[in-house]
Amino acid sequence: MSELSCNGDAEQTKKLHEKVVKQIEYYFGDMNLMRDKFMKEKIQEDDGWITIETMLKFNRLKQLTAEPKVICEALKQLSSLMEVSENGEKIRRNPSKPLPGDTKERRDEIASRSIYAKGFPLDSTLDDLMAFFEKYGSVENVYLKRDFTKKTFKGSVFVVFNQKEDAEKFIKEEETKYNDVLLASKLFKAFLILICMDSIDILFLHYSKEVGEKEDNKEEKDDENEVLLKTKQQMTKNAVIHLKGMNPETNREEIKQFFAPHGDVGWVDFDKGVTEGYLRLREPNSAAPTLEKAKAAGDGKIIIHETEIEVRVVEGDEEVEYWKKMYRDIAEKQDKRKKGGGRSGGRGGGRGGRNQRGGRRTRGGPQGKRRQNKKNEGEGGDSDNEEADDDDEPRTKVSKTEAD
């Protein structure tokens with residue numbers, strides 16, 4: 001074998017080892033171990049040790065290599081986080097590097113280097129996005145937001161950088177592009193609150209409310225300008241339709257079913273008994289095309305519950321005010337929950353969920369069982385740096401439609 005061939009093989013082996021270590025350290029890293037039920041259960045069984053056979057059930061690791069020997073060699077040579085058992089059959093996180101405590105200070109520190117970005121092509125892969133963000137600095141995690149029902153990438157991500165300065169570098173960059181596509185939005189996660197209800201992650205912009213009235217008019221004006229700026233950054237543009245003149249007997253499901261064949265319905269802001277409401281679509285710039293298709297299917301008319309209704313696209317200042325009010329309503333509702341004024345019991349009480357911080361609840365019934373079975377196979381914890389089944393559009397206070 002030539003020297004050139006040997007050098008080429010050595011370089012390929014090195015790259016493979018680096019990828020294996022990166023993936024293993026993700027599974028045993030701070031972020032994943034704090035939230036991965038399967039991994040947490042496994043490390044309790046044998047003093048932190050997990051068999052390589054079990055680890056090879058994780059899809060992304062198995063795609064890199066199915067050879068236990070390769071995994072052991074990679075970890076021994078390159079990882080300071082991991083230990084390999086003497087017989088080479090098990091691995092564990094080094095006991096000298098325990099998980100940090102799940103404290104408010106720790107969560108705030110993570111949030112300070114966490115960002116949200118939106119506007120990526122829907123065919124983007126995790127590996128592509130990891131490579132993109134690593135241009136700004138070392139990355140701890142990338143979570144791909146996925147449609148709850150279709151399981152497809154929605155074009156938005158959460159990213160946790162290892163250094164706060166790298167996160168700031170990304171946010172401060174003007175006109176950030178991915179493959180020549182200008183990103184639609186990018187914010188620090190500190191501006192966002194993630195609420196999980198009924199296994200749907202609902203992302204909305206957080207408006208901080210100070211106790212008492214501010215006396216300084218300039219401060220009030222500055223705060224309002226900041227709210228306006230954040231609203232324009234976060235809102236899904238040209239995606240709201242106003243409905244007027246509806247039959248009082250019309251319900252949300254009828255509205256959803258009528259528009260579903262013509263557009264990707266997100267939520268229906270409407271209460272039975274009133275004659276006006278709003279329809280929100282998931283995709284930007286989809287309101288006008290959706291209306292056009294709906295009218296074409298009805299010979300130029302929109303008829304719901306045997307009643308012809310007036311419809312129009314919400315635009316301009318009215319559109320911004322609509323989203324601003326919606327975000328504020330949600331923030332006020334969340335504030336009430338924090339203060340104990342929200343609902344108790346029912347669907348998880350206050351914030352409920354994983355770690356009691358608004359995380360996803362494990363529900364009973366067929367879907368809950370399927371998710372649990374997947375974890376038992378060793379793949380439920382294989383989030384592979386992705387956050388599945390998420391919805392990055394906010395829900396209004398009155399919307400409880402089945403459109404999700």
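Numbering starts at 1 and runs along the chain as displayed.
Positions of Cβ are set from backbone N, Cα and C atoms, glycine also.
Under the heading domain 'HTH La-type RNA-binding', TrEMBL lists 10-101. For 86-107, 333-404, the entry in TrEMBL reads region 'Disordered'. What TrEMBL lists as domain 'RRM' is 113-189. Under the heading domain 'XRRM', TrEMBL lists 234-360. The compositional bias 'Gly residues' feature in TrEMBL is assigned to 342-356. The compositional bias 'Basic residues' annotation in TrEMBL covers 357-373. Sequence annotations record features per position, and here TrEMBL assigns compositional bias 'Acidic residues' to 379-393. Annotation source TrEMBL lists compositional bias 'Basic and acidic residues' at 394-404.
Beyond the ends of the region 'Disordered' (86-107), by six or more residues, the same chain brings 24, 28, 30, 33-34, 43, 46-53, 55, 68-69, 71-72, 75, 80, 355 to within a C-beta distance below 8 angstroms of the stretch. Under DSSP, the residues of the domain 'RRM' (113-189) split into helix, strand and coil as follows: 18 helix, 30 strand, 29 coil.
The DSSP breakdown of the region 'Disordered' (86-107), given as helix, strand and coil counts, is 4 helix, 4 strand, 14 coil. On the 0 to 100 pLDDT scale, the domain 'XRRM' (234-360) averages 80 in this prediction.
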